[in-house]
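What TrEMBL annotates here:
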- R549, V566, M575, S576, T617: FAD binding site (BINDING)
- 497-600: domain 'FAD-binding FR-type' (DOMAIN)
Amino acid sequence: MSSDFDPDFVLTDTQKKLLDDVRELCRIKIKPLAIKSDRDYVYPRESMNALAEMGLLGLIIPKELGGLGESHVFCSMFVETLARYGCSSTAMIYTMHVSCLATLLLRYHNNPLVKDLLTRIDKDKLIGTLSYSDPATGGHFWFPLSSKVKELDENTVKLLKYGSWATSSGCADFYVVQTLSPSSAPGDYSDLSCFLVYKDEIRANTDDWEALGMHGNMSGPLVIEGIFKKERMVGPPGDGRLSNDECVDPYFLLNSAACWNGISLACMDLAKKHVTRKAHADVGMRVCDYPTIQDYFGEGVCDVNASRALVLTVAKEMDQLSNNNDWSLHADLTFAPRMSLLHWLWQVKFVAAKTVYQISDKMLQSCGGSGYKTDLGLERLLRDGKASWVMGPSNEVLRQFVGRACLLGMESIDYWDQHLNNRVIYNELKKMNVEQKKELAQKLLKEVDMEEKGIDSKHPYQETDFENPFNTCPPAVNDKVIKTSDGLYHSPALKPDTWTSLKLKSYRDVSNKMGAFVFTLPNSTDHTGCFAGQYMSVRANIKGKEHTRYFSPVSRTSDYGKIELVMRFENQGIMSNYFKNLKPGQAVDFQGPCGGFEYQAGALDHLTLLASGGGITPIMQLVREVMANPNDQTHITLLYFSENCNEILFKEELDKYEDKRLNIIYTLGEAPDNWEGEEGFIDTHMIDQYVPKPNGLNHKIVMCGGPQMILSCLFSLHSLGFPSESIFVYGQFGTEQVKMVYGRKVALASHHCD
C-alpha cells in the first residue's frame, strides 16, 4: 500500500533512513528466509544475525554500551516493519529479545556481568529471550508455581525453574527467567526475582514445536536447574514484581502489538497486489473495482491505523515519562514510570490482536480462492496472526483486566489470589438451602480440622530439603551387605556423598523420544545401595564444565551388578545430547541415593500409582519390585495416562504380569477404534472407579507426571475425600502442589510407607 498511509511523521530523518535500510534487508534476505522458516520449522538465526550486522539487536541499549539508544516509538515501528516486510517469527523473536534486554537494562547499573553482556549483543550476535510462563499456571505468567530458589551462602543460590512456553526455547543465547525469591514466605507467589542464565544451562526440546503458525519461533518448555552465583540475579531480591510491570509487560505488549499490526499491513499489501491485478472479463472489472472489496480495504485501513495510532500514542508517552528511554534514570530503584501506563498497554495489545484477526480474514475473503492457496503467501500470514489472540496474556485475560480496572479500580486485580471476594461468597450462599449449607459447613469444618492437625503434625524437617520436600529426614541409605539364598554377598555400590564411575553396558530405544541405558556396577554381585523408589544423581564433564541430572532407576534393587535408567531426549539439553552419544564401555559418575519415595516390602495394604507419560519411570521400579517378591502382599493399582498407544512405555512388560496383586488401567488421550481401556485424562470418575476408598487401609498414593496431571488428580482426590497425608508426589514441587489444592497448612505425607 502507499506510504501515504504510514505514520512516518513520528520519525526523524535518521530513523526513516534506518527503516528504509531494514525494508531492503527484508526484501533481499529476511522475507525469502521466512518462507523456508515456515515450511521447515527453521529458527531464523540467519535473519537475526543480519540484524546484528546492522547494529539492530542492540536497538534500545544505550550508546555508551554500544547500542543505538533508540526510543519506544522507533522500536515499535521497527518491529512493525520487520513483521510487515520480512518475517512474523523474526519479529516476535525480536520482541522477546528486546523485552529481555529491557529487563537487564533496568538493573545493569551495579552488575558488571550484565553490563558486559549488554556490550557484546551485536558484536557477538547474541539473542535473548524471557521464560516467565509456568506449566501449572499457563498464561498467568506472574504466578510461578513451578519454581524455587534457595540461598546456599552469601554468594550462591540453588535454582529450579520449569517454564511452559518460551520463544526461542533452546535457541537463544541467554535467558531472563522469573522465579520465586530466595527468601519468599511459603505460599507468597508475589515475591518474585529474576535471574540471567545461558544457553548451556537450560534444557529444552524444540523437536516438539508444532503449531498453526509462527513456525520459526521455536516456542516450548524449558528447565533450568543448578547452582548459580548471586551476580546472576537481575536486580535485588523481590524486584521481579516491579520488573514485570515496568519492563516485561510494557515492552512485550507494545512490541507484540506492533508485530500484529505489521502482519495486518502485510495481509493488505498482498491482497492489494492480487485484487488490482485480477480481472473478471465477463463484467470488465478488476476485483478492486467492486464496492464490497473497497469497503473491506477502507475498513481495514481505518482499523489498522487506529491500532497503530494507539501504539504510537502510548509509545510516545513512554518516551516522555522515561526521558526518551533513558536507562540511567533507573539507578534509582524506585523509578518506574512505564508501569503507570499498564492499563493502556493492555488495550494496545488487545486492539492489535483483534484487528489482525479481522483483517486477515477479510483479506482472505477479498482474494477468494487465490488467497486460500499457499503461493500467494496470505495463508502463512493468516496463520501467524492467529497467535495474537492466544499469546499470553491472552485477549480473554486482557479484556477482563481492563473491564475490572475500569469498573472497580486497578487495585481490584488480584494476580496472586490474595483477596477474598465476599460478594461472590454471599451470593452463592444465598442459592443454598439449609441442607446444602449444613453439608458445606461440615466440609469446611473438616478442612479446618485437617489444616489445624497439619500445623500440629508437620515435621520440623519437612520442606527444608530443596529436592525432597516430603522428607521427614535425610534419604535413607541401603548400606547393608546382603546375603542371598545362593550364598553370595551383595555390597552397596553407590554412596550419597561420593561419586562412583560406572560403565555403559547397553542401550535400547524405549520410544522414539526415550532410551534405556544399562550401566554395570563395579562388581557383578553389587546392589545399588538404594531402596526401591529412590532416585540418584548422574554427573558428566562436558567441554570442561560439570553437568548433573537426577534419574529414577527402573531396575529392581535386586538386579545385582547393574542399574537401568530411562531418559527422555531433548535436542537442546547438554546432558541429553551427551547420553545420546554414549557408547558401551564409556563411563559416567553416579551418586546416591539422593531422595524420593522409600518403599518397604509388606508395609502397605495398598499402593496406588498415578502416572502420565515419562512419569512411569519411578513407578515402573515400584511395580517390578513388588511383582518380583511373592512374599510381598501389597496390592497395586496403576492408573497410567498416555497421549496415544505408541507412547505407552513398558506396555509389553506390564501386560505380561498375571498377578492378582496388580491392577493396571491404561487411559489414552487419542484412543483407536478397538481400544478397550479408558479414554481421556485421569479424572475424578476414573479415580472413584478404580482407586480403593480411604477406609482404614494402610494406603499410599504415589504420583509422577506433569504439573497439569498432578494438580488435576489432586483436585479429584480431594473431592473424593482422600486425605492429604496419604499422597506422595515425585518432584521438587510436590508439597506445594498438594497445598495449592488441600490448603496451606494441611498435614503432608512423608517419604515412607507410613
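Glycine is no exception: its Cβ is also placed from the backbone N, Cα and C atoms.
A map of TrEMBL features onto the structure.
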residue: R549; record: FAD binding site; Cβ neighbours (10 Å): 19
residue: V566; record: FAD binding site; Cβ neighbours (10 Å): 23
residue: M575; record: FAD binding site; Cβ neighbours (10 Å): 18
residue: S576; record: FAD binding site; Cβ neighbours (10 Å): 18
residue: T617; record: FAD binding site; Cβ neighbours (10 Å): 26
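Same-chain neighbours of the FAD site beyond R549, V566, M575, S576, T617, judged by a C-beta within 8 angstroms of the site's C-beta center, are, in sequence order, V538, F551, L565, M567, R568, F579. DSSP labels the residues of the domain 'FAD-binding FR-type' (497-600) in these numbers: 7 helix, 51 strand, 46 coil. Maximum C-alpha to C-alpha distance over the listed FAD-binding residues R549, V566, M575, S576, T617 is 18 Å.
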